[in-house]
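If you look up TrEMBL, you'll see C:12-30, C:37-54, C:60-82, C:94-115, C:135-159, C:188-209, C:221-250, C:262-281 marked as transmembrane segment.
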Amino acid sequence: MSRTDSAAAAAETASGTEVVLAVRGLGAGYGRKRVVHDVSLALGEREVLLMLGHNGAGKTTLLRAIFGLGKPMGGSVSYHGRDITGRKAAENVTDGLAYVPQGHGVFRTLSVADNLELGGFVEPRSALLAERRERVFELFPILAERRSQTAGTLSGGQQQMLAIGMALMHEPRVILLDEPSIGLAPNLVERVMQAVVTINRTMGVAILMVEQNVQLSLPIAQRALVLKTGAVVYDGPPDPLRDHVELMKLF
Amino acid sequence: MEYLLHIAVMVCLYSILATSFNLLIGFAGLFALSQAAFYGLGAYTTAILLVDVGLPFPLPLIASAVVGAGVGTLLALPALRIVGDYLVVVTLAFQIILVEVAMNWTGLTGGTDGISGVPNYQVFGLSLDSPTSFLPVALLVAALCFWIAWRLATSPFGRSLRAMRENESAAVSVGKNVVAMKLVVFAFSAGLAAVAGSLFARYFNYVGADSFLIEETIYILAMVILGGAGNLVGSVLGAAILVILPELLKFIALPVDIADKSRLVLYGLVMVAILIYRPQGLLGERKTQARTRASSGPGGGEAAAVPLRASAGAAARGRTIEGRGLAKQFGGIVAISSLDIRLEPGTITGLIGPNGAGKTTAFNLLTGFLKPTGGEVLLDGSSTGALKPYELARAGVARSFQDLRLFTKMTVLENVLVALPGQVGDSVFSVYFRPAAVRRDEAANVRRAREVLAFVGLEEQLHETAENLSYAEEKLLVVARLLATGADVLLFDEPLSGLDGATLQEIFPVMRRLAESGKTVCIIEHNLDVIKELCSVVYYLDEGHAMAVGRPEELMADPELAERYFR
Amino acid sequence: MDLFLQLFFNGLTNGSYYALLGVGFGLIFATTKIVHFAYGPIFACAAYAAWWAASLGVPLPLAGVFAVAVAAVLGVASFLVIYRPIQVRGAPGLVALIASLGLFILLENLLGIVFGAGNKVIENVNYDVFFLGPVFFTSIHLWQIASLAILGGALFLFLRYTRFGKAIVAMTDNREMAEIIGIDTTRMAIAVFAIGSALSAVPAVLILLKDGATTHMGFQAVFMAFVTVVVGGIGSIRGAVVGGFALGLVQSLGLWKIPTEWQSSIAFVVLFLILVARPQGLFGASRL
């Protein structure tokens with residue numbers, strides 16, 4: 001069985017639902033250099049798919065290539081069965097795909113409120129935006145308190161919440177979440193993971209999450225993927241990875 | 001005929017200007033827009049010394065070079081704190097100031113009238129007053145200037161310059177004094193441009209400020225870009241093309257004024273077109289293979305058995321580095337607080353902890369890349385507070401970077417060569433006055449570098465450009481570069497992540513032997529198997545300080561830590 | 001004292017001229033990270049366009065509109081034809097800067113070829129002369145100050161309160177994030193080149209009325225704009241205004257004690273010292 005088949009099969013067994021985002025044989029890199037080789041994966045509807053891998057394994061490059069930042073070097077990405085390979089990020093956002101980059105994906109010199117408003121840039125109807133903003137404030141009450149504060153002066157955890165909140169402002173169906181725990185204290189990581197669960201369970205958003213914090217991210221994932229030097233070396237249920245010896249073998 | 005020879009003289013002048021400018025922008029990566037100012041400085045110096053003072057040959061020429069180099073250094077001193085676009089503004093302002101001074105200091109420079117009546121060269125009573133008689137001198141001086149630039153660019157010093165251009169902090173981490181290097185290259189570049197200015201004064205018998213405007217700097221830049229930044233032959237070619245090409249316009253009957261402007265339009269077009277369609281220039285940067293190939297000794301199999309001692313010098317001196325009560329804040333964010341850490345010779349110490357725990361910051365503090373806001377770092381008991389990072393590297397404390405910071409446009413061999421300590425050819429004096437010693441040392445260095453590379457298994461890729469390596473190969477090159485520094489304290493920031501099991505099995509013995517030979521080794525690592533395999537002491541860092549210290553098994557058995565991190 | 005007041009006023013008018021130039025240049029620089037040297041010759045092209053239109057008998061206000069259009073078109077063209085291909089390739093920022101220097105000499109000398117050398121002036125410009133105590137000024141001086149107040153203010157409101165303007169500010173803050181939230185950064189860059197270049201046409205026309213136009217006027221304009229931005233802090237209208245006035249006043253008040261011929265040198269020396277002492281600008285980066 002080829003890797004593509006296994007990925008697709010795993011998606012179906014994990015969630016039993018339709019595949020929203022399918023990546024086939026994707027290659028990616030920067031400049032002339034290829035960092036990601038022939039990666040295939042499938043993200044099911046309402047699924048949390050966790051992607052693990054060492055520093056430099058190509059996780060971020062992969063997410064960026066899926067999202068249309070940086071040109072893919074071969075392979076394809078499809079979203080709800082339509083080919084979106086190399087499509088402009090702006091179009092993906094309009095279409096319900098969101099990307100939360102690693103480490104403080106916010107506009108540091110702007111206020112929290114402005115950041116959230118910009119998060120909904122592709123939605124010109126302000127009434128809808130106000131509604132969504134309320135939902136973000138419900139999820140992260142601290143952002144409501146700090147709404148007029150400059151984003152750069154927020155703590156790392158609050159910035160991460162804001163970054164996720166901005167993604168929610170364009171009401172995505174799929175979020176690509178790049179290492180939300182980076183640089184956060186353990187209790188904040190838990191807080192962020194809870195939010196991820198809420199977004200997934202109550203808003204029904206499918207999430208492809210890159211993480212290094214195995215301990216806190218494994219429990220919320222329905223399926224896990226391990227990337228090593230740009231290729232998928234594990235794709236299956238998260239449970240076997242709980243044994244860290246097993247995991248370390250994969251790293 | 002006279003006309004053709006005149007063009008040849010102009011090609012000589014511009015070759016000097018373009019090669020000297022290329023040293024600065026192509027090799028050192030310093031984008032300063034004041035080359036025409038130094039050109040003018042040289043011209044005025046010669047003119048004033050000849051007309052007002054009447055100094056005999058060759059004093060005005062030498063004086064021009066010295067004044068150019070001196071003013072270049074003076075400009076560089078403050079300007080070097082400034083990088084990128086800001087360096088452009090500062091040097092641009094300098095260029096304008098110099099022209100203003102030439103225009104307004106009437107007593108010295110003749111103001112807008114300039115200085116005329118600069119005497120011709122006299123050789124055996126013959127006055128070199130025509131292109132025909134002047135050309136040999138121009139050729140001779142241009143050849144000499146080219147040799148000076150070539151020698152510098154192709155020396156180990158030139159290699160260090162390119163390394164600095166590729167990644168300044170990595171150059172510092174292998175012990176390069178980048179400030180001194182910048183001053184030297186500024187001085188050479190300005191000095192050579194001033195020599196071209198001296199020739200200008202002699203050839204035209206006249207010096208006026210409007211020959212040295214900012215536009216002139218842009219023309220010279222166009223020549224460098226056309227030929228290829230980082231390629232000196234390219235600069236000569238670029239100068240020749242851009243001097244000759246506009247002359248062809250003269251065959252079209254145009255009013256003088258328009259012909260002159262068309263030349264400039266042509267320059268602009270060439271620059272823009274080259275940057276869009278062939279950004280590396282006509283020739284592109286030269287790969288420096290030939291020299292290293294020629295001097296290559298036996299590599300491969302046998303060398304791999306003994307390389308460590310060869311690369312690391314004799315047995316290490318056994319040095320202890322210690323951080324006491326280290327603290328570091330960025331703005332209001334505490335990255336490190338009251339961290340005590342002690343790295344002993346002959347041991348491999350592991351640094352583990354979650355992302356953002358302060359591991360890399362700890363490395364930055366130990367190696368002087370960051371100054372602590374509290375506490376101090378001691379090397380063998382004495383404070384390193386006054387040492388700059390490059391001095392610490394030379395004193396034997398070297399580090400690698402998590403994001404690798406290879407010299408990407410240089411070859412694998414060059415990456416390692418740059419890092420070798422105490423190179424004769426890193427001294428500019430030796431480059432010119434002790435060529436034999438530089439050659440011998442370079443040959444030995446190439447052998448050492450090849451040994452180090454054979455040791456990490458990169459001997460096949462010696463002449464590959466670093467940017468073309470795979471991720472695992474890049475990691476190996478990082479290790480090789482760090483080993484090449486011959487430092488006694490080696491701090492590896494995630495050296496092994498992403499390497500496969502087989503490669504790890506090859507690297508482990510390397511690390512162990514480093515420690516056995518008395519080196520002080522510290523690694524930041526996430527892979528606990530690696531930690532267990534290698535380390536005798538482990539620091540668990542979290543929230544900026546050491547939460548636990550002990551043998552790996554002890555730490556992994558600690559239920560609280562296991563809860564926090566391992567599980 | 002009278003001299004001082006006059007010089008102070010001159011400093012203010014020159015300062016508003018520099019500030020407006022700096023606002024346009026700074027907007028382009030902060031948003032696209034391109035050091036757009038060709039801003040200078042495009043500024044000159046605007047002045048020449050106005051002169052040409054006026055010499056054909058077009059009324060002055062219309063000639064001004066024509067100048068604005070010419071500048072905007074040239075600005076957008078330079079982005080699309082030159083900078084964009086270079087940026088798309090992922091080349092370092094200095095490459096675009098070098099290309100802009102090439103474009104600079106190209107445009108400057110094309111102007112010279114098309115219009116010939118010499119100062120182009122519009123004859124019979126009607127302007128009023130005022131005396132306020134010892135201070136002498138003309139309506140053109142007032143226009144220089146007013147144009148900064150009006151255009152600077154309008155740009156501020158546009159960036160602060162419109163969706164499009166906020167998107168530009170977002171791009172200034174973090175280009176990649178702007179792309180991630182769905183802003184079409186290429187379209188924004190085109191808009192910014194149009195706005196920034198159009199802004200430069202206004203001071204260009206005023207200078208044409210005041211002193212006439214020469215092919216070399218572009219270099220001084222872009223250099224002063226660049227310095228204004230660096231002194232005031234990048235990415236900030238307020239910074240450009242403060243930087244522009246600081247520059248104008250230093251240059252003008254320098255005359256109080258220093259011989260005329262050294263006027264510009266002194267300004268440059270002061271600038272040089274400021275740049276060396278505080279390369280991040282006097283006020284650092286602040287928003288808007």
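Cβ atoms are placed via backbone N, Cα and C, with glycine included.
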Handout entry: Long-range Cβ neighbours of the transmembrane segment (C:221-250) (under 8 Å; 6 or more residues past either end)
Key = 8, 10-26, 29-30, 35-40, 43-44, 104, 148, 152, 155-156, 159, 172-173, 200, 203-204, 266-267, 270-271, 274-275, 279-288
Practice task
Determine which recorded stretch among C:12-30, C:37-54, C:135-159, C:188-209 has the most C-beta pairs below 8 angstroms with the transmembrane segment (C:60-82).
Solution key: C:188-209
Exercise for the section: Establish whether the number of Cβ pairs under 8 Å between the transmembrane segment (C:135-159) and the transmembrane segment (C:37-54) reaches at least three, counting only pairs separated by 6 or more residues. Expected result: no
Completion exercise
Near the transmembrane segment (C:37-54) in space but 6 or more residues beyond its ends, with Cβ under 8 Å, are 21, 24-25, 28, 60, 62-64, 66-68, 70-71, 74-75, 78, 97, 100-101, 103-104, 107-108, 111, 115, 120-122, 196-197, 200-201, 203-205, 207-208, 213-223, 225
